[in-house]
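According to Swiss-Prot, the protein carries these features:
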- 1-94: topological domain 'Cytoplasmic' (TOPO_DOM)
- 95-115: transmembrane segment (TRANSMEM)
- 117-137: transmembrane segment (TRANSMEM)
- 138-287: topological domain 'Cytoplasmic' (TOPO_DOM)
- 288-308: transmembrane segment (TRANSMEM)
- 309-317: topological domain 'Extracellular' (TOPO_DOM)
- 318-335: transmembrane segment (TRANSMEM)
- Glu331, Asp641, Asp645, Asn709, Asn734, Asp738: Mg(2+) binding site (BINDING)
- 336-695: topological domain 'Cytoplasmic' (TOPO_DOM)
- Asp373: active site, 4-aspartylphosphate intermediate (ACT_SITE)
- 696-715: transmembrane segment (TRANSMEM)
- 716-724: topological domain 'Extracellular' (TOPO_DOM)
- 725-744: transmembrane segment (TRANSMEM)
- 745-766: topological domain 'Cytoplasmic' (TOPO_DOM)
- 767-790: transmembrane segment (TRANSMEM)
- 791-799: topological domain 'Extracellular' (TOPO_DOM)
- 800-818: transmembrane segment (TRANSMEM)
- 819-831: topological domain 'Cytoplasmic' (TOPO_DOM)
- 832-851: transmembrane segment (TRANSMEM)
- 852-866: topological domain 'Extracellular' (TOPO_DOM)
- 867-886: transmembrane segment (TRANSMEM)
- 887-898: topological domain 'Cytoplasmic' (TOPO_DOM)
Amino acid sequence: MFKEIFTRLIRHLPSRLVHRDPLPGAQQTVNTVVPPSLSAHCLKMAVMPEEELWKTFDTHPEGLNQAEVESAREQHGENKLPAQQPSPWWVHLWVCYRNPFNILLTILGAISYATEDLFAAGVIALMVAISTLLNFIQEARSTKAADALKAMVSNTATVLRVINDKGENGWLEIPIDQLVPGDIIKLAAGDMIPADLRILQARDLFVAQASLTGESLPVEKAATTRQPEHSNPLECDTLCFMGTTVVSGTAQAMVIATGANTWFGQLAGRVSEQESEPNAFQQGISRVSMLLIRFMLVMAPVVLLINGYTKGDWWEAALFALSVAVGLTPEMLPMIVTSTLARGAVKLSKQKVIVKHLDAIQNFGAMDILCTDKTGTLTQDKIVLENHTDISGKTSERVLHSAWLNSHYQTGLKNLLDTAVLEGTDEESARSLASRWQKIDEIPFDFERRRMSVVVAENTEHHQLVCKGALQEILNVCSQVRHNGEIVPLDDIMLRKIKRVTDTLNRQGLRVVAVATKYLPAREGDYQRADESDLILEGYIAFLDPPKETTAPALKALKASGITVKILTGDSELVAAKVCHEVGLDAGEVVIGSDIETLSDDELANLAQRTTLFARLTPMHKERIVTLLKREGHVVGFMGDGINDAPALRAADIGISVDGAVDIAREAADIILLEKSLMVLEEGVIEGRRTFANMLKYIKMTASSNFGNVFSVLVASAFLPFLPMLPLHLLIQNLLYDVSQVAIPFDNVDDEQIQKPQRWNPADLGRFMIFFGPISSIFDILTFCLMWWVFHANTPETQTLFQSGWFVVGLLSQTLIVHMIRTRRVPFIQSCASWPLMIMTVIVMIVGIALPFSPLASYLQLQALPLSYFPWLVAILAGYMTLTQLVKGFYSRRYGWQ
């Protein structure tokens, strides 16, 4: 029965111990039913004629004005999901109370009250109140901090609005929560769909709907109004839904639903109680908590049986066992975890690192492999157009002008290469090209083709398709080349020439993009991917992206911190190897994407662990490498900012992106860097390890202290004719000890504890308990002997003196263990605790010594200790600290120290 109760309780512990932002991406939405009325509404919107759409939403092609926006927002509310709305304070208070430890204490308190032990019930109630209120305060602070941090990296949408009283309109970038039904927005590759939308115009628009349907392949969307073949709105060509992402193409669409009224919003409301799979951090906390609770559930009955059998007073034995159970309950664990993580998140924000999910901090500190892209991480992210040449390597204005037309007229996601082409073309040429050539159509970029095309016209008779992209992908659709002004077949001789020229450019560290063209008769209708065939290779544009000055020292710092850096790039292996060499990273054997496709999972996992540089990768290659590294037991971080990085960001233990990343990358990430730099990342890793170290201190102290206390209680219960300490004493001792732990999140951490990755190790915790728990028992038994034979407190009439003596020793030794276990060094000499922790422990020790002498002593059934007791007290504490230090030295040499 007990096992079933606590199994249910513990199941909800991880989410209660850690404040997690209720992000919609975390919800499990597949196969969840929405109201029939919503399905009918969506199907109606899917086929509604455009003219009727304008009337339905009281909008117009020029966009909404400010008054219309405010009216729509008043009617429909903000574009936020219900889960994102703040809960009332009393809901937060209940959530902070509702953890297994507080529930357990409440049960014990109720038993005490029922047995008329009112003082014990009051002390237990006070402990629950302190734990709940401290946790509530820390949750409120962490929520406030998380909201402030999220506001720094909010996603935006491009919307068409009327911008002045004259009725002039323009495209504005606004936060997505400001969208209202009737807004017209632009979509491009990499965008998160910010609301439910009806497509008005689309060009090769492909959307990933896995968050709603579970289907991994993207689906094509279009502006057709034909009757849908299915009754499922998700299969309608004209509708896009909040929470999905644009994989490729462009579109304009009207917002038809926002917030809770969206398909995703309805699903989110119905799955808010569903349990998501706990991550490594939550599993670690859960295992530790379950271990401590099971330990208490086993030992409390044992104490009851021994005391009841030896003393004959089963009622008193039951009260004592109850107090032991309270003492073994680590009710401050939720508060310690929450406050430590929240403090870590705030400190990380000062290092330009924004934490989206608080429990990601532990994975940050545990990370031992960092996979990252090359561009903007190792390099300056300021790409410069260095060369524009024909296939022989001679400068060619024709190639530059073709590249300019492609970059200028494409409406998709303009990357740094496009910007470099536009900036690398002189203004006069740009004006001339813009006046002579008009855009007809475009075929947007996607990561399957790795190229994009625009169709332009200089006259009414012919169209010209201009295509640029990765060299191999362009060669795959070329049949001819322009060589010395003539069009010749693309044969083996030309291919060898092309390889020779491009390899030379790559070895110089230049990134090569191919440019090809095709002349076509003028025609009506859209151009498709099939038109990218029989192209003429015009030449290449080559870009320079020099390494950052901070990259080399950052890589050295990461290596010194025990983190292996691996480069996963879609770029050429020659360019990537050149950059690696310049920043002091030994690339060694380079693995390219085509090689990966021929390897089994086991072969690739083996290769991934010993390989530093992977080149010419697709998004799926990156995701597979990250997944296999995790399978081999590594804690893997992935840093990326592009659409192609999103799968790997989700697969990694910790996804890291930057503030300027595309929406889908920022949404997939756990950590957002305000500055795209490995040096900033290294500082964040150190702070993550510091945060984890402080959490681990409390867990180790609690586990070892509880383990030792139980041994002491069992020995005393078996051999003493009276209780070694009254239930009341145990409760007060536990309460004072809890107060001393409040400052642990603010403690200092030794340098050696942050020099290597830190991760949960349940085996180490069990070993730690066995080594350090019995130390306190040894000195507890010495105290028993001292009080029995030296002070002759060996009869029921003198038991108050005995209990007072052990009360003081127990409280002081339990408080001092904080300073002994917080460091592997010699405490107070080689390593000092932070001043808040020092102050709290000193106050608790003074209170503990003073209680037997205070007016409360008689009420607490304590008595003043003789002055001759205190030299013995000093000797016992000194011996305790000395032995602990000796055992600590042996333990750290043999097993290491977390």
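Placement of Cβ uses the backbone N, Cα and C atoms for every residue, glycine included.
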DSSP says what for the topological domain 'Extracellular' (716-724): how many helix, strand, coil residues?
4 helix, 0 strand, 5 coil
How about long-range neighbours of the transmembrane segment (867-886): same chain, 6 or more residues beyond its ends, C-beta under 8 Å?
772, 775-776, 778-779, 782-783, 786, 790-791, 805, 808-809, 812-813, 816-817, 820-821, 826-827
Are there at least 3 C-beta pairs under 8 angstroms linking the transmembrane segment (800-818) and the transmembrane segment (95-115), leaving out pairs fewer than 6 apart in sequence?
no
Measuring Cα to Cα, tell me the gap between the residue listed as 'active site, 4-aspartylphosphate intermediate' and Asp645 (Mg(2+) binding site) in whole angstrom.
9
The transmembrane segment (725-744) and the transmembrane segment (767-790): do they have three or more Cβ pairs under 8 Å, with pairs 6 or more apart in sequence?
no
Against the transmembrane segment (117-137), which of these stretches has the most C-beta pairs under 8 Å: 318-335, 696-715, 725-744, 800-818?
725-744
Which same-chain residues, if any, lie at least 6 apart from Asp641 (Mg(2+) binding site) yet have Cβ under 8 Å of it:
Asp373, Gly376, Ser657, Val658, Gly660, Ala661, Val662, Ala665, Lys676
Please work out the number of neighbouring Cβ atoms within 10 Å of the Cβ of Asp738 (Mg(2+) binding site), leaving out its own Cβ.
20
Across all the protein chains here, work out how many other Cβ atoms are within 10 Å of the Cβ of Asn734 (Mg(2+) binding site).
24
Quiz question: given the recorded positions Glu331, Asp373, Asp645, which has the greatest number of C-beta atoms lying within 10 angstroms of its own C-beta?
Asp645
Highest-contact recorded stretch vs the transmembrane segment (725-744), from 318-335, 800-818, 832-851, CB pairs under 8 Å:
318-335
Would you count the other C-beta atoms found within 10 angstroms of the C-beta of Asn709 (Mg(2+) binding site) for me?
23
At a C-beta cut-off of under 8 Å, are there same-chain residues at least 6 beyond the transmembrane segment (318-335) that contact it? List them, or none.
16-17, 96, 99, 101-102, 104-105, 108, 111-112, 115, 117, 120, 124, 127-128, 131, 134-135, 138, 285, 289, 292-293, 295-296, 299-301, 303-304, 307-308, 698-699, 702, 706, 709-710, 713, 723, 726-728, 730-731, 733-734, 738, 741-742
What is the number of residues in the topological domain 'Cytoplasmic' (819-831) that are helix, strand and coil, as DSSP sees it?
3 helix, 2 strand, 8 coil
Take the topological domain 'Extracellular' (852-866) and find every residue of the same chain, 6 or more past its ends, with a Cβ under 8 Å from one of its Cβ atoms.
726, 728-729, 732, 791, 800-801, 803-805, 807-808
So which residues does the topological domain 'Extracellular' (791-799) touch in its own chain, when a touch means Cβ under 8 Å and the partner is 6 or more beyond its ends?
721-723, 805, 866, 869
Beyond the flanks of the topological domain 'Extracellular' (309-317) by at least 6 residues, Cβ under 8 Å:
115, 303, 717-718, 721-723
Using DSSP, tally how many residues of the topological domain 'Cytoplasmic' (745-766) sit in helix, strand and coil.
11 helix, 0 strand, 11 coil
